[in-house]
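If you look up TrEMBL, you'll see 75-164 marked as domain 'Prepilin type IV endopeptidase peptidase'. Residues or ranges marked as transmembrane segment by TrEMBL: 12-33, 45-64, 70-86, 98-116, 122-142.
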Amino acid sequence: MPSRSQSKVVPALTAVAAAVVAAALGHALFPLAGRDARIDLPGSLRLPLALLAGVLAGGGAALVGPSWNLPLVVVLAAFGVLLGAIDARSKLLPNAVLLRFTAANAPLVVLAAVGSGRWSGLLGAVMGGAALFTVYLVLALISPAGMGMGDVKLAAVLGVYGGW
């Protein structure tokens, strides 16, 4: 049986590792924002955004601990911070980032389901993504000036998280 101090070390190391990976991923993803000329995200934000992604992932890792959900937390932090910064400055959610966010999530949700044995969670993730996609698509069609298709695509990805 692990000692009390050992039982605190693993979650702490997990949080630190998640923070480092998310910060590195956030730093690596930043150039995707520059692929669209309509996006004005200064290079001086690259390091602060990467660090914010690391802090958020570290906090999320402290909540979920060493589990199959951890990669999802790291990816959400890295992509979420970048997308939030882009949207705040330009009111856009570029496909270059959204499609990679979606592509990163799909195998990670399957991996989490396989690793944890939570197959119902996989079904929930698919249903959550489909439900939010549908609701946001209807809202975007009703009021195209208020919401774009980037919001619809982001809602689908976040619905996967909510359904998981």
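All positions are counted from 1 along the displayed chain.
The backbone N, Cα and C atoms fix where each Cβ goes, and this holds for glycine too.
Can you tell me where each of these features sits in this structure?
Proximity of distant same-chain residues to the transmembrane segment (12-33), defined by a Cβ-Cβ separation under 8 Å and at least 6 residues beyond the stretch ends, is recorded for 39, 41, 43, 45-47, 49-62, 65-66, 70, 73-75, 77-79, 81-82, 85-86, 94, 96-97, 100.
Long-range contacts of the transmembrane segment (70-86) within the same chain: residues 14, 18, 21-22, 25-26, 29-30, 32-33, 39, 41, 45, 49, 52-54, 56-57, 60-61, 63-64, 92-94, 97-98, 100-101, 104-105, 108-109, 111-112, 154, 161, 164, each at least 6 residues beyond the stretch ends and with a Cβ under 8 Å from a Cβ of the stretch.
Cβ atoms under 8 Å from those of the transmembrane segment (98-116) belong to residues 29, 32, 67-69, 71-72, 75, 79, 83, 122, 125, 150, 153-154, 156-157, 160-161, 164 of the same chain, restricted to positions at least 6 beyond its ends.
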What are the DSSP helix/strand/coil residue counts across the domain 'Prepilin type IV endopeptidase peptidase' (75-164)?
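So the counts come to 77 helix, 0 strand, 13 coil.
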Using a Cβ-Cβ cut-off of under 8 Å, list the residues of the same chain that are 6+ residues beyond the ends of the transmembrane segment (45-64) and lie near it.
11, 14-27, 30, 70, 73-74, 76-78, 80-82, 85
Averaged over the domain 'Prepilin type IV endopeptidase peptidase' (75-164), what pLDDT does the prediction give?
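Per the prediction, mean pLDDT sits at 96 for the domain 'Prepilin type IV endopeptidase peptidase' (75-164).
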